[in-house]
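**Q** Okay, handing you the structure first.
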Amino acid sequence: MVRAAVAGIAGRMGSRIAQLIRETDGIELAGGFEHSGHQAVNREISEIIGGSPTGLKVTSHIAQVLDTVDVVLDFTLAAASLEHLRQASARGKAMVIGSTGFAREQLEEAEKLAGRVPCVISPNMSMGVNVLFKVVGDVARLLGESFDVEIIEAHHRLKKDAPSGTALKLAQVAAGALGRNLEEVGVYARRGLIGERTGNEIGIQTIRGGDIVGEHTVMFAGSGERIEIVHRAQSRDNFARGAIRAALWVVRQPPGLYGMDHVLGMK
């Protein structure tokens, strides 16, 4: 039985992951924590996520749960997730991280820390989106330079980072397939008299509003035709179930940094 703790257990993703862990065979909820001062701290976990009593209280620090768990699932913020990985790696505990907004230097540190423990980091853990990553790469390679690539993403009004980690990954996949460097060709906003679109641009545009769970459209626009590939998430359960699948997988792996393509056997 895999024993799991959930970071940010009172949040939208954290609470749903915790709920689904309790419904999934082979894994049990063994802890949950929030940042110091959060109103959920010291409350029974079931008061936060619902269901029958767990016998566990929400703690205020990852260190308070590490001794009793095998893996930590973390959908918080990039800086918090990196600090949690520092502590988990020092104690030999696996991690699954779905936080987005990592800077390059943060990802570089995460890769070094993953030399001590197995860790899955992915901006999106749904099966559909990970298939989308592969499809976009394949389509970009097939169409080549004659089609322009544009990515549009939409999320709920409370999402803090933009563009989404998924949109950035889609852009990176397309850029890689076309032999481009996203840092050089990515365009994140257009306004005013900007002139003609350059041939190498990859556009990434952001929408925020309402309670949109997540929507990503990748457009390949050519002369006289275009292809649009769309993924719409209708529930956070897709992400939560993917994270649990990753947790069950990662505890059996050697130290290293993995993605959902590894978990799903796509790489």
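Cβ atoms here come from the backbone N, Cα and C positions, even for glycine.
Per Swiss-Prot, NAD(+) binding site is recorded for GLY8, ILE9, ALA10, GLY11, ARG12, MET13, GLU34, GLY98, SER99, THR100, SER122, PRO123, ASN124, MET125. Swiss-Prot lists HIS155 with the feature active site, proton donor/acceptor, giving sequence analysis as the kind of evidence. Residues annotated as (S)-2,3,4,5-tetrahydrodipicolinate binding site in Swiss-Prot: HIS156, GLY165, THR166. The active site, proton donor annotation in Swiss-Prot covers LYS159 and is backed by sequence analysis.
Show me how these features fit into the shown structure, please.
**A** Just so you know, the Cβ of ARG12 (NAD(+) binding site) picks up 14 other Cβ atoms within 10 Å once every protein chain is counted.
If you draw a 10 Å sphere around the CB of HIS155 (active site, proton donor/acceptor), it holds 25 other CB atoms from the protein chains shown.
Within the same chain, residues at least 6 positions away in sequence whose Cβ sits under 8 Å from that of THR166 ((S)-2,3,4,5-tetrahydrodipicolinate binding site) are THR100, PRO123, ASN124, VAL129, GLU153, GLY214, HIS216.
Non-local contacts of LYS159 (active site, proton donor) by the CB criterion (under 8 A, 6+ apart in sequence, same chain) comprise ARG208.
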**Q** Which of the recorded positions listed here (HIS155, HIS156, GLY165) have a Cα atom within 10 Å of the Cα of SER122 (NAD(+) binding site)?
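**A** Near SER122 (NAD(+) binding site) by Cα: GLY165.
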